[in-house]
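Here is the structure we will look at.
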Ligand code: SAM
Ligand code: SF4
């Protein structure tokens with residue numbers, strides 16, 4: 001067993017090795033019968049913001065360049081994922097994916113794969129205003145922009161950068177480019193979060209963005225997450241109901257993590273929807289359809305995995321596509337039943353969210 005730059009054990013399979021081997025063909029399945037069709041690709045661990053729930057103020061030791069997958073290596077893995085493993089949806093994330101200059105090229109290359117996967121992006125929106133149209137042209141289908149508040153002072157406190165205007169301009173550009181629907185992801189601050197949520201929902205309704213509020217998870221680099229400080233789904237809905245008429249969305253949820261609510265229109269704001277993602281208080285692991293590739297070429301079957309499978313080493317040892325496919329299948333076959341955040345023996349992964357890809 002080797003150890004990655006982040007101190008994680010790297011395995012060719014997984015810790016709790018299932019009795020039967022992974023299937024060699026068919027969908028990317030685990031021992032609980034879940035099928036992974038949604039690939040999250042982290043393009044970089046670097047970021048231009050310092051969100052308190054994700055990164056320390058001083059940043060992190062970025063992965064050395066030679067450890068990152070090259071564009072050619074990433075393209076090969078994407079080809080294997082789509083043509084052999086049944087991946088139908090690819091989301092680029094990070095770190096901040098917009099800090100990678102080759103993002104448009106990677107999106108364009110992904111759009112040539114057959115069958116063409118849905119291509120989406122999760123970004124903090126800084127610099128999006130000048131790139132949204134080009135990303136759409138390259139083949140991007142949809143976008144999620146992370147924004148926790150529309151209050152400039154709160155934004156600066158939460159992200160440790162004064163960039164609210166950039167993000168709002170990025171959102172507007174995404175909408176203008178036709179990246180529909182534009183979704184806004186919010187993680188609520190323990191101090192101002194409930195007030196922020198009300199103003200954020202007003203803003204999103206007014207601009208036609210779909211707000212999704214996510215419970216904060218123990219994935220911060222500083223390991224400062226405390227269960228009692230998390231604003232949970234119940235508190236979020238309680239506060240929103242004081243200001244909005246919310247009705248459960250009747251559409252089937254499928255594997256979508258967000259519980260959707262329809263917001264009735266009023267004289268003050270148009271109708272819309274809001275989603276609440278109760279990742280901690282009501283885990284949705286049994287419906288999870290995700291597989292994750294880090295910027296340094298490690299497969300993680302879960303955000304909370306404590307082990308990884310090293311595809312970069314295989315790529316660089318001249319392994320053929322069959323061997324890479326098999327390693328990916330073995331990693332996913334051993335996917336744990338759930339994230340275990342609520343178990344007494346839960347261990348937070350060494351990799352912070354920014355180095356996994358949220
Ligand atoms: N930098 C981009 C961004 O912020 O959208 C992409 C990467 S970021 C890690 C992806 C998502 O993870 C963001 O929506 C962010 O709010 C969320 N996130 C980061 N740390 C989190 C945490 N501890 N709990 C829940 N969500 C978190
Ligand atoms: Fe950067 Fe996204 Fe983490 Fe904020 S949540 S520090 S924008 S990677």
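From the backbone N, Cα and C atoms, a Cβ is placed for every residue, glycine too.
Note that TrEMBL annotation is computational and uncurated.
With 40, 91, 122, 290, 291, 292 listed by TrEMBL as binding GTP, the candidate from 175, 183 annotated for that site turns out to be 183. Among the candidates 217, 332, the one that TrEMBL lists alongside 53, 95, 146 as binding S-adenosyl-L-methionine is 217.
The record assigns 53, 95, 146, 217 to the S-adenosyl-L-methionine binding site, and the maximum Cα to Cα distance across that set is 16 Å. Within 10 Å (C-alpha to C-alpha) of residue 183 (GTP binding site) lie the following binding-site residues from 146, 217, 285, 288, 302: 146. Not one of the binding-site residues 40, 91, 183, 291, 292, 302 places a Cβ under 6 Å from an atom of ligand 1.
Listed in sequence order, 28, 36, 38, 39, 40, 81, 85, 87, 299, 300, 301, 328, 331, 332 are the same-chain residues at least 6 apart in sequence whose CB falls under 8 Å from the CB of residue 291 (GTP binding site). Ligand 2 lies within reach of 95 from the binding-site residues 95, 183, 288, judged by a C-beta closer than 6 angstroms to any of its atoms.
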